[in-house]
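Enquirer: Following this message is one structure expressed as structure tokens.
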Amino acid sequence: MEGNYIDKTRVLDIKPLRTLRPIFPSGNQAPPFVCAPPFGPFPAGFSPFYPFGSSQVNEQTPDLSQAQRQPQIPPQHQHQPQLPPQGHHQPQNLSERSLTTPSRPLRSSNGEIEPVESTLRRKTPKKRQLSTVNFESGISVAERDNGNRELVMSVLMRFDALRRRLAQLEDAEDAVNGIIKRPDLKAGSTCMSRGVRTNTKKRPGLVPGVEIGDIFFFRFEMCLVGLHSPSMAGIDYLVIKGGDAEEEEPIATSIVSSAYTENDRVNPDVLVYTGQGGHADKDKEASDQKLERGNLALEKSLHRNNAVRVIRGLNLKEATHRVKIYVYDGIYEIKEAWIEKGKSGHDTFKYKLVRAPNQPPGFATWTEIQSWKTGKSPRRGLILPDLTSGVESVAVSLVNEVDSENGPSYFTYSTTVKYSMSFQLTQPSSGCGCGNKCKPGNLECPCIRKNGGEFPYTGNDILVSRRPMVYECSPSCPCLTCKSKVTQMGVKLRLEVFKTVDRGWGLRSWDPIRAGAFICVYAGEARDKSKVQQTMANDDFTFDTTRVYTPFKWNYEAGLADEDASEEVSEEPILPLPLIISAKNIGNVARFMNHSCSPNVFWQPVSYENNGQLYLHVAFFAISHIPPMTELTYDYGVSRPTGAQNGNPVYGKKRCFCGTQYCRGSFG
């Protein structure tokens, strides 16, 4: 090492930069020194350099991640609030987007955009010019302060529609760079900043439009409807005047409890809640909790006898992954408070809350279902543990708690549509050549090209948007783990066929259902309407695509997503031929879904190739989040007008008993 020795003790004669004087070239060395603004004007003989040159400026469109921007749209594209409480917005004139419109460019492994040797041209979503366009939320100042059921459901649906769209775009990017993103945070921030929210007036007690038993898959949803404002903290509180003294003091309005103990199962109406702060139950950086903020608010609420809203957080397993679900359990009263040592030996605040009586069931329903699943308690009224006799991968219970009827009429259980020889619906088609799975944004995949260059589902099997037709990969495609075979994977929910009080047999789920989640297909025998017109009148298990269905807005708003409204996809189904499916003799659980004029389920035509032929199916998806044990219903539609009664057209042939606010009185 002696040969490479450097004497580091030698001090170089270096002056600080601030002591150096600029040296300008002399006249015979270079042109005179010029000082000009970055963007000009420039003297003759001089040109701007990058990045100041106008020809070099990058004029990229704004990024969706900038959630705080305020776009505006013209009046003709302003959002119309929905009418029915679950997804029935007033219809809008939506221009159809060409099915050859992709959403994301192809990228190589190094991130460079590659040209696509295909007839499908790349067309990214057009961004709106935020400086000249105005976005109207359609929610007045009064409605923003105090909501109602219709408005709460509208806000939640608009948020989730935007979240699904952002997830779709990010899934295409993640397939390239592997970055994990949070579309729920982006969607929530956008809705907050653009006024798509309600119940902003903070209050204790009940929240207008939010019902006990409602479920939420994201904390931002609770914030947008005024149920629980903090996006992270477990205690929400309000500062008020304190009694005779004019001092202000906090009172608790709501808490989120994510702990689940054995006591919760035994007595779900009693909750022991741990205060916030201190990390007293953690091993590292633990300290005593302090009587401040949320803890102080709970203490004050105890002495003032103020009721508190309770939201229960649960970790549940969906088909492919675990999710966090929040259940609004109603109003609780704080009965007592004390201090005890946590795991780390530091002080923690404990609060005992008891559920107020005479409230609809909430969290107790979840604990009861868990007991059924684990076998700790029997299902009352159970007739058959599995109606399908093992045909479905998940059992479907048959239950009657109303009368002594032992079950519906006999039928053969099937999971698919049976096409007769006389019903020529199929047409030649070809599948894709993808390897392990189809990747979002891969325009070389014919299955993705059929969907306009976009993947129809998010990474967790949620439908992004209603479309005239959804094209899935076929069973013969080599992509065995592809996410584009959602409806072909069968029923994944724990469903139950049950006897209703006045509408025969119905269908509901033991599991919570997320908006856009697949429920089942309508299985049965496909028939030609012209040949079965006479027999359809006596068939109560017929799905008819030729009926008139109430239009509603379910897809995301282009203005809320900073996209051009001309890029919106039509939500009206388009089928190659009229499709009539009879489930009278052959069918599945879909035959038990009853009609409602304000349904929580919608139907979507889906097709896929099998053995060189294209098969068409009717698939059902959730309009909004559906709590467990809620009856699943869809709109049966009405026949075309055939006459008049008292000057009014006669549509439905059967009386409707749905009892909703927007009941038409008849259907079929």
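Every residue, even glycine, has its Cβ placed from backbone N, Cα and C.
Pasting the relevant annotations from TrEMBL:
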| type | residues | note |
| --- | --- | --- |
| REGION | 51-131 | region 'Disordered' |
| COMPBIAS | 56-65 | compositional bias 'Polar residues' |
| COMPBIAS | 66-92 | compositional bias 'Low complexity' |
| COMPBIAS | 93-111 | compositional bias 'Polar residues' |
| DOMAIN | 205-355 | domain 'YDG' |
| DOMAIN | 430-490 | domain 'Pre-SET' |
| DOMAIN | 493-637 | domain 'SET' |
| DOMAIN | 652-668 | domain 'Post-SET' |
Enquirer: Could you tell me how many residues in the domain 'SET' (493-637) are helical, how many are strand and how many are coil under DSSP?
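Expert: Each residue of the domain 'SET' (493-637) counted once, the result is 15 helix, 56 strand, 74 coil.
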Enquirer: Let me know the model's mean pLDDT on the domain 'SET' (493-637).
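Expert: So the average pLDDT across the domain 'SET' (493-637) works out to 90.
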Enquirer: With DSSP helix as H/G/I and strand as E/B, how many residues of the domain 'Pre-SET' (430-490) fall in helix, strand and coil?
Expert: 9 helix, 5 strand, 47 coil
Enquirer: Tell me the residue counts in helix, strand and coil for the domain 'Post-SET' (652-668), as DSSP assigns them.
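Expert: So the counts come to 0 helix, 4 strand, 13 coil.
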